[in-house]
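Trainee: Feature table excerpt (Swiss-Prot):
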{"type": "REGION", "residues": "14-324", "note": "region 'Histone deacetylase'"}
{"type": "MOD_RES", "residues": "S39", "note": "phosphoserine"}
{"type": "BINDING", "residues": "D101, G151, Y306", "note": "substrate binding site"}
{"type": "ACT_SITE", "residues": "H143", "note": "active site, proton acceptor"}
{"type": "BINDING", "residues": "D178, H180, D267", "note": "divalent metal cation binding site"}
Amino acid sequence: MEMPEEPANSGHSLPPVYIYSPEYVSICDSLVKVPKRASMVHSLIEAYALHKQMRIVKPKVASMEEMATFHTDAYLQHLQKVSQEGDEDHPDSIEYGLGYDCPATEGIFDYAAAIGGGTITAAQCLIDGKCKVAINWSGGWHHAKKDEASGFCYLNDAVLGILRLRRKFDRILYVDLDLHHGDGVEDAFSFTSKVMTVSLHKFSPGFFPGTGDMSDVGLGKGRYYSVNVPIQDGIQDEKYYHICESVLKEVYQAFNPKAVVLQLGADTIAGDPMCSFNMTPVGIGKCLKYVLQWQLATLILGGGGYNLANTARCWTYLTGVILGKTLSSEIPDHEFFTAYGPDYVLEITPSCRPDRNEPHRIQQILNYIKGNLKHVV
């Protein structure tokens with residue numbers, strides 16, 4: 001794998017905080033869409049002995065009060081009710097977005113409270129100065145609305161993390177590199193100039209969630225504080241990094257953030273069943289390094305990623321980037337070793353799909369964003 005030139009957290013000696021406990025991983029494993037993914041990610045990080053270089057922090061479970069800093073009481077109470085009863089056919093569930101892609105399975109409330117608690121715990125570690133980087137790979141569920149589940153997301157832990165960070169940090173930058181538009185986070189902060197949201201995502205007719213065109217820039221006091229970068233299928237590392245760096249350079253200068261929340265969904269990676277972007281962890285790693293060189297308090301979250309082995313490869317590689325470690329190409333023997341066949345290596349090779357992103361169109365988008373950011377004061 002490409003070598004991080006120096007520890008990405010150089011300049012401060014505090015090790016990153018890594019949110020983990022066996023109980024936490026076990027409950028995160030229960031999400032129907034990504035079964036056992038949390039275990040696969042943690043096991044690979046452990047197989048490379050990266051956990052030994054981080055401060056492992058056991059997450060608290062989010063209280064009803066903490067979750068209600070964003071979500072409505074009515075939604076949380078309904079989620080708790082159907083979770084206890086395992087009632088998938090409750091008549092009120094549809095209005096709360098429960099069903100189809102967010103089934104109201106038994107125990108789903110406990111899952112949501114665990115994830116929310118993981119991200120809040122990570123944010124609190126940053127507030128308390130225990131670290132400069134805090135990692136919750138099981139977080140990053142960016143589609144949930146205040147009163148509605150959406151897109152496999154029952155609780156918007158990213159919003160809860162940002163709200164917690166706002167207790168200390170005046171201006172927070174949210175950067176979303178998932179394949180899908182970070183609509184729930186953008187909506188939550190669309191009227192404020194204290195949180196800037198930046199999302200690079202696939203934007204195409206019929207592709208979920210259907211929002212996030214470049215003309216979506218925020219509302220009221222928050223106008224120009226939402227930045228959307230619509231991207232087409234087939235994009236690879238070099239072009240993606242060029243876009244990401246160009247946008248973040250302008251955003252940083254205009255907004256001057258005091259803390260960063262970075263959502264690193266791995267559904268952009270070649271081999272994902274979404275079959276859209278054609279990225280590798282190296283490209284995402286370069287974007288991550290670009291953010292880390294600001295040396296701000298940084299909260300790292302996961303997100304999508306439906307090829308489970310590739311998601312574990314990606315987030316393990318990115319953990320190595322944060323630590324400034326080069327990882328051996330050969331996957332070490334561990335519990336899930338057989339999932340990494342037939343080659344058993346950490347690298348992911350892009351597929352042969354065409355890149356649908358025309359250079360002139362990309363330049364148009366970048367110019368448009370640069371123009372909008374002139375309004376940010």
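Even glycines carry a Cβ here, placed using N, Cα and C.
So that I understand the layout, could you describe where these features sit and how close they are to other parts?
Mentor: In this view, S39 (phosphoserine) is surrounded by 18 other Cβ atoms within 10 Å of its Cβ, with every protein chain counted. In the three-state DSSP reading, S39 (phosphoserine) counts as helix.
In the three-state DSSP classification, G151 (substrate binding site) falls within coil.
The Cβ of H143 (active site, proton acceptor) has 28 other Cβ atoms within 10 Å, all protein chains considered.
Counting Cβ atoms from all protein chains shown, D178 (divalent metal cation binding site) has 24 others lying within 10 Å of its own Cβ.
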Trainee: For a quick check of understanding: among the binding-site residues D101, D267, which residue's Cβ has the most other Cβ atoms within 10 Å?
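Mentor: When each Cβ's neighbours within 10 Å are tallied, D267 leads.
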Trainee: Compute the centroid of the Cβ atoms of D101, G151, Y306, then list the same-chain residues not in that set whose Cβ lies within 8 Å of it, in sequence order, for the substrate site.
Mentor: K33, F152, F208, G304
Trainee: Have a look around H180 (divalent metal cation binding site) and count the other CB atoms within 10 A of its CB, chains all included.
Mentor: 27
Trainee: Excluding D178, H180, D267, which residues of the same chain place their Cβ within 8 Å of the centroid of the Cβ atoms of the recorded divalent metal cation site?
Mentor: L179, H201, K202, G265, T268, M274, G303, G304, G305
Trainee: Tell me the Cβ contacts of Y306 (substrate binding site) under 8 Å, same chain only and six or more apart in sequence, or just say none.
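Mentor: Counting only residues 6 or more apart in sequence, the Cβ neighbours of Y306 (substrate binding site) under 8 Å are K33, V34, D267, D272, P273, M274.
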Trainee: If you skip the near sequence neighbours and keep only those at least six away, which residues in the chain come within under 8 angstroms of G151 (substrate binding site), Cβ to Cβ?
Mentor: D101, C102, H143, H180, F208, P209
Trainee: Roughly how many angstrom lie between the C-alpha atoms of S39 (phosphoserine) and D178 (divalent metal cation binding site)?
Mentor: 21
